[in-house]
């Protein structure tokens, strides 16, 4: 029989303490086009599973050292077995044994003596279902990713910014650690679009987004497109000194791009204004106020002449209320 692509790429782990049963299963599945691995008991099966990550396990119930029920339980505890179906192939067919097989995580059950046509269809169906499930989860994960990515710049979008900022705000509040927020605005970007056109304007935003990503490399940090020509950077566990360093690098990186902007009122090239604030979130502090503080600092950077960064100084509450 000519094997199809599914079968020729699928690995079956046969687990049985009887050499003859392993032999006839191997011969049958080999003719069907599957790749084969073997184990003679549950302990060996777990070791082989960890090494080879088979697509399906054919598991006998009664074996020395570790029986199939315990083996199935231990296999199911492995993260790598999430999508791997376990098919019990056993002489036991009483109700208690069948119930126990499904209880420990078997997906299906075939009795001995083996009905080969039934086994063929069940192996094929279980592998197909497993692969479809993996493909579906991969598609869902990609859809979730796309829902949080800005299509133009391929960095996080506003939705992702809001989710992540709230998450880190709560985490920094719990851990009593500093959180820094940087807001950036490309200087005179409307004039840039009017001068060079929206296609070139989009390319400009893409280059700036890439420059920001090249600067912000810590796993816990986030660069997002905040809206239009605005960008935001979330820096957990970062004090004012660290945020100042990043803000300075952002301004320098955009200048270094040397993107021509003949109608800019501050430079012959594209520049960026940056405002930032740092806070250790308190139980009674307001997340929206922190965003507003960074926005005020950004406004100050613009009114002070643009192409610069400004820190919003958070006064103690007693001074703010005075």
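For all residues, glycine too, the Cβ spot is worked out from N, Cα and C.
The domain 'Response regulatory' annotation in TrEMBL covers 11-127. The domain 'GGDEF' annotation in TrEMBL covers 177-314. Per TrEMBL, 4-aspartylphosphate is recorded for 60.
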Residue counts (helix, strand, coil, in that order) that DSSP gives for the domain 'GGDEF' (177-314): 61 helix, 34 strand, 43 coil
Residue 60 (4-aspartylphosphate) CB neighbourhood, other CB atoms within 10 A: 27
For the domain 'Response regulatory' (11-127), residues assigned helix / strand / coil by DSSP: 57 helix, 23 strand, 37 coil
